[in-house]
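Engineer: These came from TrEMBL, pasted as-is:
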DOMAIN    B:7-122  domain 'Semialdehyde dehydrogenase NAD-binding'
BINDING   B:THR14, B:GLY15, B:GLN16, B:VAL17, B:ARG42, B:SER43, B:SER162, B:GLY163, B:ASN320  NADP(+) binding site
BINDING   B:ARG102  phosphate binding site
ACT_SITE  B:CYS132  active site, acyl-thioester intermediate
BINDING   B:GLN159, B:ARG246  substrate binding site
ACT_SITE  B:HIS253  active site, proton acceptor
Protein chains: 2
Amino acid sequence: MRRSAGTLAVVGATGQVGTVMRQIIEERKVPFERLRFFASSRSAGSTINFGQQTIEVEDVDVADLEGIDYALFSIGASASRIYAPRFAAAGATVIDNSSAYRMDSEVPLVVPEVNPGDAARRPLGIIANPNCTTMIAMPPLAVIDRLFGLERVIVSTYQAASGAGKAGVVELDEQLRRPDLVRLTFDGAAVAFAPPQKFPATLAGNVIPLAGELRDGDTSEEEKFINESRKILGLKDLKVHATCVRVPVFTGHSIAVLAECRDQPRVERLVAELDQQPGCKVVGLPTPLACAGADAVLVGRIRRDRSSANGVAFFVAGDNLRKGAALNAIQILELLLD
Amino acid sequence: MRRSAGTLAVVGATGQVGTVMRQIIEERKVPFERLRFFASSRSAGSTINFGQQTIEVEDVDVADLEGIDYALFSIGASASRIYAPRFAAAGATVIDNSSAYRMDSEVPLVVPEVNPGDAARRPLGIIANPNCTTMIAMPPLAVIDRLFGLERVIVSTYQAASGAGKAGVVELDEQLRRPDLVRLTFDGAAVAFAPPQKFPATLAGNVIPLAGELRDGDTSEEEKFINESRKILGLKDLKVHATCVRVPVFTGHSIAVLAECRDQPRVERLVAELDQQPGCKVVGLPTPLACAGADAVLVGRIRRDRSSANGVAFFVAGDNLRKGAALNAIQILELLLD
């Protein structure tokens, strides 16, 4: 029997991930006594229907935080750095979807199917939810590590516009509505589009090999994949190479993965174990459209790598707003209530 | 001074690549005395304007092939197997864009900036043009091999619809014209689209990790990349891993490449040499839209791989109809005329 979450808060309740969090709380019948919604002053004061209730969105900056037991945060890293400690100080356990605390050694970074035990030690009262791209790769990589000993991971990503928030979806949608899109793209006439705001180039008819900010060679998005994978899998010396690429897909992140192992991987054994792994589903053709709205990540194209002695390759697609964000946060909450 | 091509034939002149071949013959002022266009009986009898001339398209199956000096073929592998030997027997040197002869040991597979010398030995009178995806990666990989000794290549591709011919472009365009595309893709409602004809799944709002036919783990497209890379680079033991993925882009193939070398790669030296390499251009953000209509492949995101001792990573985008197909074929022709 799952305990009640008592007073449960969704912080960033009007955003893209917050909206999916509200849907999933309802879908999964997360038990609670009281539900409170928070947002920035811009959205505060509006009301949101939840089941039979109408709930007013509170201003996160001025609301009374007494009595909140659990808070699901999705308000971006800089806001999380301000408000997550306030909620924690008032007694709430915070599950934060931003990058703010993920690499903090005092904050566990949890994928419930992979490292549930890490959630127990949370001295700051904060548990971090992984980056949406990293997350999608974790369930199958955890299985590979358990079976064959993971030594090196090489990934190329195919990331959807929704990973950059609602504004990314709107920008792509507007670009795709150009009736002369085919001719424009054949002419390479990127200049014919309005200057992009959310992405560093026009995304319609294009792929953009730059997600996040460029650091020393790698991007912030690639660094997240490298660092968070090591922390979640508990493999601090794991070798990781990532190339993060935005594609003109509205939702659903995909990743081409090459995993090099200590032991020789056996594909049949891997397929059988992946099929048993909660949060994974083996399919013929894992695609963003096939995974949208689903809880499990879809894994396919599983095959031995012919360029290394102990490599195995696969392709994985997952709903970046669900498993990549809102669903995983709520699964962490459920873990704490079980 | 370049010799004249004498009587020059374009076989498959009405197709997508044939159309670009005709444009490039004009653009580059390829010298010839007579130009003849061929197609299947379906398109034969139509006329095509070229400069001041109007040229009737001849039926490849019944035309008199006497006196043709050079023939640029882009009619698909099964037709090439029938007609390329006929043109060669009648005295023409055939430059074939299909996969039919690429791995034939009696047929050179040529990228003029990489292995021009291979074109000299052509006992069947046929020279093969590489696969459009393989092609895009060859100029930068040849530089890396020359500088640091290439040992292993790992690629994930982002292939455009036009790589699957005109029908692929039309299919994607029709899917993208759905006004409710955003909602459909968020709902994962692939079923709401008409069943795809050209691709194994809906391509709009999606990526499809399956190009070509599935063989023993790898696909035919992945096998082409592996085998053709070895032949063009003259590295028969090169280790290659490829994952070929179709993306909702009309034209321009892109590839995320990780190259492992014998010697430690120096990024500054590589960038300087790539900038000097004909057919390559180093840019900040190589994308399909930026490369469409351009001759050079665009190379960027060049950085050391932190997951291996001697690895270097880059992203490359090239116009699959130009450098990936028509342009390279005409560059081979120019090589023979110089």
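Just so it is clear, glycine is given a Cβ too, placed from its N, Cα and C backbone atoms.
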Engineer: Do you know the mean pLDDT across the domain 'Semialdehyde dehydrogenase NAD-binding' (B:7-122)?
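Structural biologist: Across the residues of the domain 'Semialdehyde dehydrogenase NAD-binding' (B:7-122) the model's pLDDT averages 97 on the 0 to 100 scale.
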Engineer: Counting each residue once, how many in the domain 'Semialdehyde dehydrogenase NAD-binding' (B:7-122) are helix, strand and coil under DSSP?
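Structural biologist: For the domain 'Semialdehyde dehydrogenase NAD-binding' (B:7-122), the helix, strand and coil counts are 30 helix, 31 strand, 55 coil.
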Engineer: Taking B:ARG42, B:ARG102, B:ARG246, B:HIS253 as the recorded positions to compare, which has the smallest set of other Cβ atoms within 10 Å?
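Structural biologist: Per-residue Cβ counts within 10 Å for the recorded positions B:ARG42, B:ARG102, B:ARG246, B:HIS253 bottom out at B:ARG42.
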Engineer: How many Å separate the two farthest-apart Cα atoms among the NADP(+)-binding residues B:THR14, B:GLY15, B:GLN16, B:VAL17, B:ARG42, B:SER43, B:SER162, B:GLY163, B:ASN320?
Structural biologist: 26
Engineer: Indicate whether B:GLN159 (substrate binding site) is helix, strand or coil by DSSP.
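Structural biologist: Note: B:GLN159 (substrate binding site) is in a strand by DSSP.
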Engineer: Tell me whether B:CYS132 (active site, acyl-thioester intermediate) sits in a helix, a strand or coil according to DSSP.
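Structural biologist: The residue in question, B:CYS132 (active site, acyl-thioester intermediate), is helix (DSSP, three-state).
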Engineer: DSSP on B:HIS253 (active site, proton acceptor), three-state: which is it?
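Structural biologist: Going by the DSSP assignment, B:HIS253 (active site, proton acceptor) falls within a strand, counted as strand.
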Engineer: What Cα-Cα separation, expressed in whole Å, is found between the residue listed as 'active site, acyl-thioester intermediate' and B:THR14 (NADP(+) binding site)?
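Structural biologist: Computed Cα spacing between the residue listed as 'active site, acyl-thioester intermediate' and B:THR14 (NADP(+) binding site) is 19 Å.
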Engineer: Need this for a regression test: recorded positions B:THR14, B:GLN16, B:ARG42, B:HIS253, filtered to those with Cα within 10 Å of B:ARG246 (substrate binding site). What's left?
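Structural biologist: So the list reads B:HIS253.
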Engineer: Whole-number Å only: compute the distance from the Cα of the residue listed as 'active site, proton acceptor' to the Cα of B:GLN159 (substrate binding site).
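Structural biologist: It is 5 Å, counting Cα to Cα.
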Engineer: Looking only at C-alpha atoms, tell me how far B:ARG42 (NADP(+) binding site) is from B:ARG102 (phosphate binding site), rounded to the nearest Å.
Structural biologist: 27
Engineer: What does the structure give for the C-alpha distance between B:ASN320 (NADP(+) binding site) and B:GLN159 (substrate binding site)? Integer Å is fine.
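Structural biologist: Spelling it out, the Cα of B:ASN320 (NADP(+) binding site) and the Cα of B:GLN159 (substrate binding site) are 9 Å apart.
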Engineer: Out of B:THR14, B:GLN16, B:ARG102, point to the one nearest B:GLN159 (substrate binding site) in space (Cα versus Cα); all of them are binding-site residues in the record.
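Structural biologist: Closest by Cα distance to B:GLN159 (substrate binding site) among the binding-site residues B:THR14, B:GLN16, B:ARG102: B:GLN16.
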Engineer: Within 10 Å of each Cβ, count the other Cβ atoms and name the one among the binding-site residues B:THR14, B:GLN159 with the highest count.
Structural biologist: B:GLN159
